[in-house]
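*Asks:* Below is a structure I'd like to ask you about.
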Amino acid sequence: MHNYNKNSRKNTNGPEQKRIVLVGTPNVGKSVFFHRLTGQYVDVSNFPGTTMEFCCGKWEENFLIDTPGVYGLSSNTSEESLVRDAVLTADVVINVVDAVHIDRDLFLTCQLADMGIPMLVVLNMVDELLARGLEINLTKLENLLGVPVVPTVATNNEGLDTLSQRLSQACPGQPSVMVARLLSSSYLGLPRGEALLALEGDPEVAARNNVAPGGDREKIYADRRARANGITAAVLVERSADVAFATRLGHWLIRPLTGIPALLIALWLFYELVGVFFAQTVVGYTEGILMTNYYEPWIRSLLGRFIDLKSSLGTILAGQFGLLTMAITYVLGLLLPLVLGFYLVLSTLEDSGYMSRIAILMDRLMGYLGLNGQAVVPMVLGFGCVTMALITTRLLTTERERRIATFLLALTVPCSAQLAFVAAILGALGPGYMLLYGLIIFSLMAGVGTLLNRFMPGGSVPLLLDLPPLRLPRLDNVLLKSWTRTFSFIKEAFPVFLGGALLLSILSITGLIEKIQRLMEPLTMGWLYLPGETASAFIMGFIRRDFGTAGIMEISMDPLQIFVALVTLTMFVPCIASTLVIYKERGWREGTAIWLLITTLAFVCGGLLTRVLNFAHGMNPVMTLPLTALIILTVLFVIVFIARKRQTIG
């Protein structure tokens, strides 16, 4: 993250080098421009909120800065404050405007023009506007704003040469008549940009200039909004009544009648690609053949020339949980193809513009859980990797939403690696167990989410989300983004895997793993009615969830016991990597509370499920699963009904 201060305006990068700042609302293509102009990659998605910090690079002889998307420069959020300071220290501002949403984006453009900073406007995605039967009168727009306007399609490199040529023409924009009048008698000793922000009541700018904040924000904002609307009406021209198919499809995807079937198809394809093809077919080759049959025998043979493989050092390096065997196999043979496959699919969904439509479609359902539709993003991410999903909870608006989403992800969402083993085990048990497993996970999410929404102070925030146009994803961006994300994830996860393998090896060498199994016998045997060996599965599940799930396959149990073990492991505390992210995002005190509560809930629910299954089996063995499902649905209905009734009364 790059910090800026009011004294950094002086150019220290050479006499010819200018500090150029890219500014715009979320998802207008700033990061695409940064990548095309500097050659440096930034996570580029057709989904708002991608850029979370500043990125800096060289563009020709200039210093280019990519900033997070903001709707204004009024210090309402930390992003707005940072972008505001970057603008105040800029030599030139390139304001990227979405041609499709020009009425929305011109509010920021007008604010930049009022600040008196040299600027030019980049009108991006003009192809999307033409597809909607509209066009913009560029000459009139330039005259009204008083700055150069460059039409572009950044994803196709269209207009970038013109942008370079017209950069030298950047100039201060035409200010509002009202703003010019107010500034003529206010804050006369300040630079125009600082004076405007102080006039608008920005407390930070006023404090650092030792002046009192003004009280004209509402008046200025109303005038600016009216000006933006007036410019839009003057320059937007209808050229055809024909509406592109992509536009009609975009509307269909957010309507429940057509959107829900489309979402179910998309989720099925998502699971088939990630959960079946990558998690089973590809991993079956990379882990089951390449690593297990070739790499591990080779590394053991190599190490055997120098050390005794039965010694403590040999066990740590090449034993069952070896640093050079299990850890490397799981990172390269299992995790790498899974994460890469997941990001390939996710990047395709993002760049197509469909992800935002899923959020809108799911907004009402998420509202019952105390969240809004934007929470569907980390929830969907969680089925690929809970660790990454926990990180993306920072995109949610309030601390309350982040807490609820974090808890639900850690308790109810199995990652793709675990799902692969779950699907294999449930497939062997039969479709009835698979349906019951899905019902339990859904009921847990709905029941716990409803209770958290009822008893946690505060309320859900309405969904405010840009709706990007549907478009065909660019293969180069999908591939580059997927590989960049995968490499970053593997780089962070690799040390965790080494640490987990080392811990398991030490527990195995010292015999502590057997002692832990004995300590857990009252829970595993007395409460869950499972064999004592399942304790090792829970220990491995803490290292990695799929470790524990795979361990179930090695233990002799009847179908009901296997099912209870699977459900309990799904709810059990997330893996080390996810736990560390929870502590990082939520703090040690809240992280510990979440960890302890999830552990308790997992074993309580697992024990109750055991007794419900045994009760149903005792009543009618053939109807065990349907009776269990009926009991679970009844409990869920009671929880939701009571919570909603008390919420209405309150």
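Each Cβ is built from the backbone N, Cα and C atoms, and glycine gets one as well.
The annotation GTP binding site is assigned in TrEMBL to 24-31, 49-53, 66-69, 124-127, 153-155. Taken from TrEMBL, the feature Mg(2+) binding site applies to Thr38, Gly39. Residues annotated as domain 'FeoB-type G' in TrEMBL: 17-173. Annotation source TrEMBL lists transmembrane segment at 316-345, 365-392, 404-428, 434-452, 493-513, 562-582, 594-613, 625-643.
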*Asks:* Is the transmembrane segment (493-513) in contact with the transmembrane segment (594-613), using at least 3 Cβ pairs under 8 Å (sequence separation of 6 or more) as the test?
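*Replies:* Counting Cβ pairs under 8 Å (6 or more apart in sequence), the transmembrane segment (594-613) does not reach the transmembrane segment (493-513), since there are fewer than 3.
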*Asks:* Output, ordered by sequence, the same-chain residues six or more apart from Met125 (GTP binding site) with a CB under 8 Å from its CB, or 'none'.
*Replies:* Val28, Gly29, Asp98, Ala99, Val100, Thr152, Val153, Ala154, Pro469
*Asks:* How long is the line from the C-alpha of Asn27 (GTP binding site) to the C-alpha of Thr38 (Mg(2+) binding site), rounded to the nearest angstrom?
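*Replies:* Counting only the Cα atoms, the answer is 19 Å.
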*Asks:* Applying the under-8 angstroms CB criterion, which one of 434-452, 493-513, 625-643 scores highest with the transmembrane segment (316-345)?
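*Replies:* The stretch with the most contacts is 493-513.
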*Asks:* Highest Cβ count within 10 Å among the binding-site residues Asn27, Thr38: which residue is it?
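*Replies:* In terms of Cβ crowding, the pick is Asn27.
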*Asks:* Give the sequence-ordered list of residues that share a chain with Gly39 (Mg(2+) binding site), lie 6 or more positions from it, and have CB atoms under 8 Å from its CB.
*Replies:* Gly57
*Asks:* If I take every residue in the domain 'FeoB-type G' (17-173) and average their pLDDT values, what number comes out?
*Replies:* 85
*Asks:* Among the recorded stretches 404-428, 434-452, 493-513, which has the greatest number of Cβ pairs closer than 8 Å to the transmembrane segment (625-643)?
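*Replies:* The stretch with the most contacts is 434-452.
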*Asks:* Taking the Cβ of Pro68 (GTP binding site) as the centre, count every other Cβ atom within 10 Å, in any protein chain shown.
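*Replies:* So the number of other Cβ atoms within 10 Å of Pro68 (GTP binding site) is 23.
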*Asks:* Could you say whether, by DSSP, Lys30 (GTP binding site) belongs to a helix, a strand or a coil region?
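*Replies:* In three-state terms, Lys30 (GTP binding site) counts as helix.
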*Asks:* Using DSSP and three states only, what is Gly24 (GTP binding site)?
*Replies:* strand
*Asks:* Round to a whole number and give the Cα-to-Cα distance in Å for the pair Gly24 (GTP binding site) and Thr38 (Mg(2+) binding site).
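*Replies:* Rounded to a whole number, the Cα-Cα distance is 18 Å.
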*Asks:* Ten-angstrom check, please: count other Cβ atoms within 10 Å of the Cβ of Gly24 (GTP binding site), all chains counted.
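*Replies:* So the Cβ neighbour count for Gly24 (GTP binding site) comes to 28.
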*Asks:* Cα-Cα, whole number of Å: Thr38 (Mg(2+) binding site) versus Lys30 (GTP binding site)?
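*Replies:* Distance between the two Cα atoms comes out at 12 Å.
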*Asks:* Other than its own, how many Cβ atoms are within 10 Å of the Cβ belonging to Val153 (GTP binding site)?
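*Replies:* Taking every protein chain into account, the count is 18.
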*Asks:* Counting across all protein chains present, how many other Cβ atoms fall within 10 Å of the Cβ of Lys30 (GTP binding site)?
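*Replies:* There are 30 of them.
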